[in-house]
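Okay, so here's the structure we're looking at.
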C-alpha cells in the first residue's frame, strides 16, 4: 500500500522545496541593504535623548540649518545600544557616530581619533578615553554625579532641619538620625532608597574614607579598612525600616518609591532632576549636599561619550559635526536643552529650570575628594585596554552580603579576587 | 435547581475574570494618568486628572505608521509562509514514508531541544553572511520553519484515513491537487490556529529583530517601543500610552478571530 506513496514522494518534495525557495527569494528582494554614501544623513546612535529634553535632536536641526548636513538621531534603549553596536560592527555596518556608555572591545579599533575635537579646547580630557599613543577614542558628552534628594515636604512637616550651605554638611550619623526623626514624626514608611548600582555605592564608600578597590603594580587589588566599615554601615541601613531591602536584593524601583512620597530621601544622581521636575506634583523635593563621614565626595563621571566610527564612508562629515558640537556656544545650547552638567571647564550654563540643583551638583563635583578622579581614571584606563569585568563584582558581592549569604570579609575578599582576576594590572 | 447548582462555579469564574481584568484595567487607566500621578500614594484605579498627554507625546515622537507597516509585513509574510511550509512538511511526514523523511523529521524535532537564544549567535552569522542583516527578510526567513507548526500538521494529517487519499488517486487526482484540494481544506482548523499563533509570535517578537535591524526605518513596533527606556529614567506615561497604541491591532485581530482563538486550546506547552 505504501509503495505508491514512496514513488511519488520525491516529486512532491522537489515541488515543495521549489515553491518555498521561490517565496523566500521573493521576499528577500524587498528592502535591500543600501550602500552608505557621503550625501546620506549621518546616523547618530544614542539612548534617552528624547527623555532628556531632546538636546541632540535640537542640535542636529541647528546643524542642518547651518550647514545643510543632515544628522539622523536614532534613539535606542540604553541596555540595547551595546548589543546593537556590537552586531553592527560584526556586520561591518556601523553608524557614522554614536553616544555610548563605554568603549566596547569589539569596535574599539574602529574609532576615529577625536584629538582634533579636544585639542585647544577646555573639554575635560580626564574623562575622555585616550590610549597610550594619545589617540582620543571618545569624548564625554556630559557629566553625571551622584547626589541626594530629600522629600522637603516631609522634612518641613516633621520640623527637622537639613544642611543648606557648604559649611554645615551633616555626617552620615547625623543624616540617619535626622531621617529617622522625620520618619517618626510623619509616619513615612521608609527613610531612604538608593539605586542598586556600584556607581552609587562608590560615592557612599568614598564618603567613609574608603580607597575603593585599586590594583598594585602586579595587578592585585587592595583596599583600606574604611571599606569594611562603610559596607557594614550600609548593611545596617538595609533593615527594611530605614531602607527597603527589596531595592538592592530584588531590583525594586527606587525612583518609583521616592515618587510615591512615602520615602524621606533618595540617593541617586543629577539625571533625576528633569524627571522629578515633571513627574512629582504631590510634594516638594530638593537636592541637598550628601553626608560626609568624614570625607566629602560624590562619584562623578562621563555618563556618555561620543565616538565616531571608521568605515562608514562619512568619517570626515561626522568628525566635522562633533567639532561643531563642542564649540562652546553650541555645547552651551546642548547643555541647556538637555540639562547636562558641562564637560567644558569654566563654561557658563544657564539652566531655564532647577538651576540651583545643577549648581549644587557642580559644587559637589568641585568639592569631591581626589579619590573620585583617581578611580575614574583607572576605569577609563581599563576601558581603553579593552578589559571589562563580568557583571559588576562590587554590586553583586555586596548584594550577597546584604542577603546574609556571606560576611563582610568574604565579600571584600571576593571583590578583590574577581577584580584581580578579571582586570589585572594597569599599564 | 439547575441555576442554584451552577451558582458557586459562576461566582468563581466571575472572580477569576475580575482577577485577570484588574491588571489590564490598571494598565489602561494608568495610561490616562499624568506622570506625576503614577506613583503617588494612595494609589487609585481611576485617574484624578484624566489626560491624553502621554498619547499625544507618544504619537508625535514615534513614527507609528512606519512601525505598524514593518511589523505587519513581517507578521503577515512570516505567517503565510509558516502555514504553507508547515502544512506541506507536516503532510509529507504524515503520509509519505522514506528513510530520509524519518531522519528529517528527527532533525526538525531536534530543533525544539535547543532554546532559540542558544543558537542566536550562529543564526546571526548565517543571516549576516546571506546579506540579510538589516532587512525585514532577515527576520522573516529564520522564523518560517517552526517545529511546533510542522508537528501540529503532522499529527492532524495522521488522523485522516489513507483511504481518502487512495480514493482520490483512483479518481485520477495528482499528488499536488490531492494536497491542495482535499487535504489542505480538511486541515483548515489547524491552519487557522497556527496562523493566529504565528502572527502573535511575530508581532511580539523582540530579541531577534533587535539583533538584525539597524536602520530605524525598518524597526518593528516592539524594538521601537523599547527606546523609551533610557539609561536611568523611564518615561512611564509615554511608555504606557505607546504600549496601549501597540496593542490595538492585536485586539482588533482578536475581535475578528475570537471564535477560532478561543477554541485553540492546544496553546499549552507550545514553543515559538
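Placed from the backbone N, Cα and C atoms, the Cβ positions cover glycine too.
Those TrEMBL annotations? Automatic predictions, nothing curated.
What TrEMBL records for B:68-257 is domain 'ABC transmembrane type-1'.
A Cβ distance under 8 Å defines the sequence-distant neighbours of the transmembrane segment (B:12-29), meaning residues of its chain 6+ beyond its ends; these are 45-47, 240, 243-244. Sequence annotations record features per position, and here TrEMBL assigns transmembrane segment to B:12-29 (among others).
Look at TrEMBL and you will find B:67-87 (among others) tagged as transmembrane segment. With a threshold of 8 Å between CB atoms, the same-chain residues lying at least 6 positions outside the transmembrane segment (B:67-87) that come near it are 136, 139-140, 143-146, 149-150, 152-153, 184, 187, 190-191, 194-195, 198-199, 202-203, 205, 209, 218-222, 224, 249.
Per TrEMBL, the feature transmembrane segment maps to B:99-116 (among others).
Per TrEMBL, transmembrane segment is recorded for B:136-157 (among others).
The transmembrane segment feature in TrEMBL is assigned to B:178-201 (among others).
Per TrEMBL, transmembrane segment is recorded for B:236-257 (among others). Sequence-distant contacts of the transmembrane segment (B:236-257), counting only residues of its own chain at least 6 positions beyond either end whose CB sits under 8 Å from a CB of the stretch, comprise 27-28, 30-31, 33-35, 38, 52-55, 57-59, 61-62, 64, 68, 72, 192, 196, 199-200, 203, 221-222, 225, 228-229.
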